[in-house]
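Trainee: What follows is a structure written as structure tokens; I'll ask about it next.
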Amino acid sequence: MPKRQAQRRFTRKTDSKTPSQPLVSRRSANYQPSLWQHEYLLSLGNTYVKEDNVERVTLLKQEVSKMLNETEGLLEQLELIDTLQRLGVSYHFEQEIKKTLTNVHVKNVRAHKNRIDRNRWGDLYATALEFRLLRQHGFSIAQDVFDGNIGVDLDDKDIKGILSLYEASYLSTRIDTKLKESIYYTTKRLRKFVEVNKNETKSYTLRRMVIHALEMPYHRRVGRLEARWYIEVYGERHDMNPILLELAKLDFNFVQAIHQDELKSLSSWWSKTGLTKHLDFVRDRITEGYFSSVGVMYEPEFAYHRQMLTKVFMLITTIDDIYDIYGTLEELQLFTTIVEKWDVNRLEELPNYMKLCFLCLVNEINQIGYFVLRDKGFNVIPYLKESWADMCTTFLKEAKWYKSGYKPNFEEYMQNGWISSSVPTILLHLFCLLSDQTLDILGSYNHSVVRSSATILRLANDLATSSEELARGDTMKSVQCHMHETGASEAESRAYIQGIIGVAWDDLNMEKKSCRLHQGFLEAAANLGRVAQCVYQYGDGHGCPDKAKTVNHVRSLLVHPLPLN
């Protein structure tokens, strides 16, 4: 794949309104150029998408649907659903899965009312699998199904059960104290299993699953990446079902071909905006932006949602770099005011680089507003405008903190930071497309779902990028704010931040089973948190994608198809 290795040159003077205007020194983040040239993206293709394969997929889907309807054992039904989810093809069978899990939930409720031991399976693995799948799909199930045997009494020999409990524990809420405690006990035993069996070939597949889970639990992983990984693992299992494996591979390649076409179109759009040409300090990350959109919603039916989401990601990246790196305080204050007023008539007051950015923003938001008005019958533009203005206001506050050397405490930082994370703006756009509910239900987007997702992204970003951003002279991030306020060490502050991320996930889990918002929106909000944990797991995957495994993720999802043999 072609790469440009040369460092980008950064403009060092403003776009002067008059020849006499003095030069202004600008900061530079020295972001690397895009690793994905437009011409290369246009060359992407998938040779596995053929007419006979399309017919084969139809037949395989019929076979799997038959399996779902005819599988009798309750544990076997749950295992089939779990396998379909992990392979990334469960979206084809939503009705069958909902029917099965509804029946499981009804039996669970009856057992509770009749005071029957709900740990009826006789083993930890099955109980934890049932718990995880029901919680994952929004059904109410209490932690007491485990009958208290989820702590020090765990059987070290039951690694399959311990792994199942470990995965289930990450669907806890704030009130599930026993379940949350089990994370410590299961993690300890799983790590011991990995160490003891490092040279044991008989336990290879299970050990691989355990290592993968310890790196990041299944509930917090990006579904599409997990499907790519699990298809390979599943193919090595002795109990593999060839029908499921073949469907997963064919479907992955078909969906990838759709994604490739969308990426080509978006790359052309990005090139035509001219933003990276005229604002050469901006991160050129259209491919990474689209990867994030796929992480939020990968299903073929959400093509327009991904297109809109990617454009929003790129506009946010551009504006963030203006505030974070390039703009003077005077320019940023003026830009914020004009965004607040949404006043195109004041365009001439802006320097040239800001004119292009603002006009591009206005055009894209108006287009989104047009489609929502056409398809749903209500005008969302005032809401969208307000969200961009609020985000820019938080960007401006952070710029002022930097210019003045002000050090906010942790609470003050987070009050500003959850909005500057851009998640409220992103999710508001998605809500407009996904739901027919009134926008007022979000409460000016200060809803627990939005706030929790924003907290995850804000803090995951901070944990990954703090050292780099501070090195170039940036505002203190959450880790440094906590250290400065409490006197804690960096390690202690990072552990504290990780704890807050965990609480945010607890709140998202609670909303999944109790919230009245559109279920697709709830899943998208959680997926945005998953994307954040993925992109920033090994470093700044947006600013330096080659150093944080983002490049590998892009290749596996958008470049390389799965071989069928």
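Glycine too: its Cβ is placed from the backbone N, Cα and C atoms.
What Swiss-Prot records for this protein is below:
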BINDING   Asp320, Asp324  Mg(2+) 2 binding site
BINDING   Asp320, Asp324  Mg(2+) 1 binding site
COMPBIAS  1-11  compositional bias 'Basic residues'
COMPBIAS  17-28  compositional bias 'Polar residues'
REGION    1-28  region 'Disordered'
MOTIF     320-324  motif 'DDXXD motif'
TRANSIT   1-25  transit peptide
Trainee: Restricting attention to the motif 'DDXXD motif' (320-324), give the mean pLDDT.
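Mentor: Averaging the confidence scores along the motif 'DDXXD motif' (320-324) gives 95.
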Trainee: Report the DSSP secondary-structure composition of the motif 'DDXXD motif' (320-324) as helix, strand and coil residue counts.
Mentor: 5 helix, 0 strand, 0 coil
Trainee: Would you mind checking how many other C-beta atoms are within 10 angstroms of the C-beta on Asp320 (Mg(2+) 2 binding site)?
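Mentor: Cβ-Cβ neighbours of Asp320 (Mg(2+) 2 binding site) within 10 Å number 19.
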